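Chemist: Have a look at the structure that comes next, please.
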Amino acid sequence: MFVSYRWLQEYVDIKDVTAQELADKITKSGIEVEGVEVLNKGVKGVVVGHVLECEKHPEADKLSKCLIDIGEEEPVQIICGAANIAKGLKVPVAKVGAVLPGNFKIKKAKLRGEASHGMVCALQELGIDGKLVSKEYADGIFIFPSDAEVGADALEILNLHDEVLELGLTPNRADCLNMLGVAYEVAAIYGREVKLPAIDLQETAEKTSDYISVSVEAKEENPLYIAKMVKNVKIGPSPMWMQTRLMAAGIRPISNVVDITNYILMEYGQPLHAFDYDKLGSKEIVVRLAKEGEKIETLDDQERTLQSHHLVITNGTKALAVAGVMGGADSEVTNETVNVLIESAYFAGQTVRRTSKDLGLRSESSARFEKGIDPTRTFEAIQHAAALMAKYAGGEALEGVVEADNLQVQERTVSVTAEKVNRVLGTNISASEMGTMFTNLKFPFTEVEGTFHVNVPARRPDITISEDLVEEVGRLYGYDHIPVTLPSGTMTRGKLTAAQTKRRKVRRFLEGAGLYEAITYSLTSADKAKQYMVEPNEKAPVNLALPMSEERSQLRLSLVPQLLEAVSYNVARKNDSVALYEVGSIFLPTEAGELPKEEQHLAGVMTGLALHHAWQGEKKVVDFFVVKGVLEGLFDVLGVSNQITYAPAKREGMHPGRTADIVLDGEVIGFIGQLHPEAEKQLDVKNTFVFELSLVKVFGTDAEETYYSAIPRFPSMTRDMAVVVTKETKAGEMKQVIAEAGGELLKDVTLFDLYEGEKMEEGKKSLAFSMNYFDPERTLTDEEVTEAHNRVLTAVEEKFGAELRK
């Protein structure tokens, strides 16, 4: 927000405060002033000149020889190259000795043999940004109104002795996106009064309602719409003071009618729009939602395709403007416009924001509607605009307005105690001082025994709770005045929760196993949201109300899809060996209207080589057992390995023969496996394995305690066993049966071979186990080991129908 220091003085008396002092004070009150710009940029010696004579240069067709009165004893001759120079004009003249931006000094010169005693200036040459110069003067010199005094300071007329404060407003302070809002802020800081604009509106006997009717179909999106007629306007330039104020605010002057709507926007923060009444095509205004695919050509000469949630202003059939964003070219005010219909409305910020984003079209008006405007200024703004059009465009303001008013402006009362204010701020401000601050803020209030009941004006939508009032007191008191104190109270030593400790263990182990941590988006697209879920969920994923894109429109139900995107991205860039893991949240949908259930999961993906450096030995490709080994090591670290089993599973998107559920105490908590070949093809990856499991359920299980034992002094005995079983037999279940049957002497069971070759019967396979027997107190005898081993053989024969392989 650019704030003209001189313009601001019209609303609050700050003549005793310099612009820099004001900037410092505003910054200390909580609104950052990013800079103060002096508009004249060091320019000196530029005056108003009157062109007495103008003729072609005898030696150059594109130059003119001018005799110009600059308010001195004798007129001066100046050679000018501007195409729009002419006799009788009043123009800015840089005299000999004048200084222009960049410390450029004007000297006497000869141009093609003719003397030149000065320079006729364009606005750009006086330091004004070319983007802010009206089209009329974009390629030529500036021309003053005919009543400009010859010899007067041109910079004063152009308001270039002004200073502009640039405010860096946060989204909650939309009330300062206009001059009156800033005036209220400055008045509160200095304890002064705000002088509101005087509206001198003379209306004709004719009524606006005789020319136009207004109806609103989309009442929720447009609760208030006001229209007013101004007839017989004469389009021309706006007054100089208005043009200079608009340029200081960063707005290019266009014409008197358009400039007035922009001026009101900057003064009140109320966006207005002016229609050429004679181009409307009907005598009615209908505000409705657009039809899907409806077309409109906007003021920037672009054809826009509308969607059904966009709000439009129509003549009953055809769209005339995109509400709150931009007007239509068909009803644009031009030099031929005679009758003007002014619009002042309150459009829902959410609707305007979505429309603006969809169309890729952002304007000063849309920015203010998005952040929220003061609905109580809507009528005052349109009346002031009509008065200015009557005065500066020669128009006739018709009596009254036509409105569709469904707006319910509810009074907000927020209460706070003086005790709370002082407790939160660490101050000792009296209740009377606080009352003075609320008075300076123009917040009506009542006080009962130290409790303030504050009626918050509509211009301050950011004040909703007592803490907001505490902030207002703190801002006006001055944060730099709050006394410095040491921390008080009991110091509590921080520590990690059990879940935090376990998460650190997970990260430490997986990184030690060669996986890199990834952090992916919690948002995903509709087609990926339900992929690779640990538990099937029939409810629809949670949708964002206003997603930035379709790719990030739903909350994820699995971590795997985003990790696969990361793998695909790496593989496409020739990084073929990737091992990633993520600890993150998924969002399980609940009943309609309730918040989703957030649950912490662990997921990982591995592809390419597991070992690929020479010092690690032979290269090893990632397979099911490599990934399973990583998980088994993790479960050992977490103390739940004896409670974990694996069960073959068929899951969508996973390889049907290389996928298993991870089961904890009989409950499926995750899965592990290889991607389905079709999924690998879509991602353009090969040999890719994934896993995902619920950390909530793992952490919620009591971990086995870790015991330490002395290094054994007695030897152990090893027996191997190869048995033939059906292909459906699970090695993990057999290993568990062997461990139970072997008793206390059997300390370790390892599967070291799986054979399914030509020599095996159809439907059979061979499993080979190595069993280690040991007693820490003595040396075992062969008979003791044989007895335990026979129990193992008997158990697997009875349980699985196993036969010793011969």
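Count begins at 1; order follows the chain as displayed.
Glycine residues also receive a Cβ, built from the backbone N, Cα and C atoms like all the rest.
Given the structure is predicted, the values throughout are model-derived calculations rather than measurements.
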Chemist: Have a look through ASP462, ASP480 and flag the one Swiss-Prot assigns to the Mg(2+) site that ASP468, GLU471, GLU472 belong to.
Modeler: ASP462
Chemist: Cβ within 8 Å of the Mg(2+) site centroid (ASP462, ASP468, GLU471, GLU472 excluded): which residues?
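Modeler: Counting only non-site residues, the set is ARG460, ILE463, GLU467, LEU469, VAL470, ARG475.
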Chemist: What three-state class does DSSP give ASP468 (Mg(2+) binding site)?
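Modeler: Once the DSSP labels are grouped into three classes, ASP468 (Mg(2+) binding site) ends up as helix.
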Chemist: Counting by DSSP secondary structure, give me helix, strand and coil numbers for the domain 'tRNA-binding' (40-155).
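Modeler: For the domain 'tRNA-binding' (40-155), the helix, strand and coil counts are 12 helix, 51 strand, 53 coil.
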Chemist: Give me the DSSP three-state residue breakdown of the domain 'B5' (409-484), ordered helix, strand, coil.
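Modeler: For the domain 'B5' (409-484), the helix, strand and coil counts are 33 helix, 16 strand, 27 coil.
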Chemist: When you measure from the Cβ of ASP468 (Mg(2+) binding site), how many other Cβ atoms are you left with inside 10 Å?
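Modeler: Other Cβ atoms within 10 Å of ASP468 (Mg(2+) binding site): 16.
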Chemist: What same-chain residues, at least 6 away in sequence, bring their CB to under 8 Å of the CB of GLU471 (Mg(2+) binding site)?
Modeler: GLY30
Chemist: ASP462, GLU472: which of these binding-site residues has the highest Cβ count within 10 Å of its own Cβ?
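Modeler: Of the binding-site residues ASP462, GLU472, the most buried by Cβ count within 10 Å is GLU472.
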